[in-house]
């Protein structure tokens, strides 16, 4: 389930249910597809206790007593669930106002905290990832590896990159918390054309018409595959725009600093990573939701520890691709990576592609191939 409590969007593969998170009165807007709830509980419609018509734009409802007890359970998505609070069901497009019968419901969190719950400990995890990156890079500069020479540059030279990195991380995860997954993916795709625009506005870097057309085709193809339908809200839209803009700035500035300071990608990353860790340490207490570590299993702890090594390789690969090719090339590769990940998921589940999905895959891969050919010709 993704989305904020102000504008909640649930996955199409669930029998849509929402737990009322009690205020005395709360207006919630749902964008839900009608599913098999009526088939499971046909008495609900006939009893008239829960209106399911999309004509009523604002309905005040009381959950059927049969399904409002915390001892009751029902099944959705193949799993048993025991709701702690009443469950509401609605059809697509209906606005619902929920007024609980009693006040014996846990008070709802603030809107800001609801948004931040979608972030969980991602900032703290990012701190660990960049700490691991710094440690591995530093170790690789000494014996017996001596992979590259460590070069120290003034903090003011890398501070803009570090600020953009912190912004892209925070805004990206906040965008995911505020928007449904389809809109979030669509916003991420917009990073690529934003890179083209910023490169021209800031540094007067142009690309050929053929390369631009190839990029547009690639992005449109990925959008067809990943963003079939979406709903958003004003706050989510603003955050999403800020997220892909700051992400583009971060990537563009990596390429700029590698060229300007005459550094190799590992040298720049070794200077950026520790400063980024310090910045994130200032932010983490404000936004992260710290879990009860006694409930975290050893396998999860081991996976988090191992993720530091994987993240180090991914961070280094990003800097290498941008430094050795261009920021735009890195974005095109990222779009292809998205298609490949989705393709692996389709293959593992035996999914039969729709016409739109087939066209989207062909456009994305064809556009990426055309871009590489254009990039080769332009040197």
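The backbone N, Cα and C atoms fix where each Cβ goes, glycine too.
Cross-referencing 1-40, 41-80 with TrEMBL places the feature region 'Disordered' at 41-80. Within its own chain, the transmembrane segment (210-230) is flanked in space by residues 9, 179-180, 182-183, 185-186, 189-190, 192-193, 196, 328, 332, 335-336, 338-339, 342, 356-357, 359-368, 370-371, 374-375, 378, which lie at least six positions past its ends and keep a Cβ under 8 Å from the stretch. Count of Cβ pairs under 8 Å against the transmembrane segment (236-256): among 118-138, 158-177, 268-287, 352-371, the largest is for 158-177. Counting same-chain residues at least six beyond the ends of the transmembrane segment (293-316), those with a Cβ under 8 angstroms from any Cβ of the stretch are 125, 128-133, 136-137, 265-266, 269, 273. Model confidence over the domain 'Sugar phosphate transporter' (154-371) stands at 93, taken as the mean pLDDT rounded to a whole number. Against the transmembrane segment (268-287), the recorded stretches 118-138, 183-203, 352-371 differ in Cβ pairs under 8 Å, and the greatest number is found for 118-138.
Beyond the transmembrane segment (118-138), the same-chain residues lying 6 or more positions past its ends with a Cβ under 8 Å from any Cβ of the stretch are 2, 4, 150, 169-170, 173-174, 176-178, 266, 269-270, 273-274, 276-277, 280-281, 283-284, 287-291, 304, 307-309, 311-312, 315-316.
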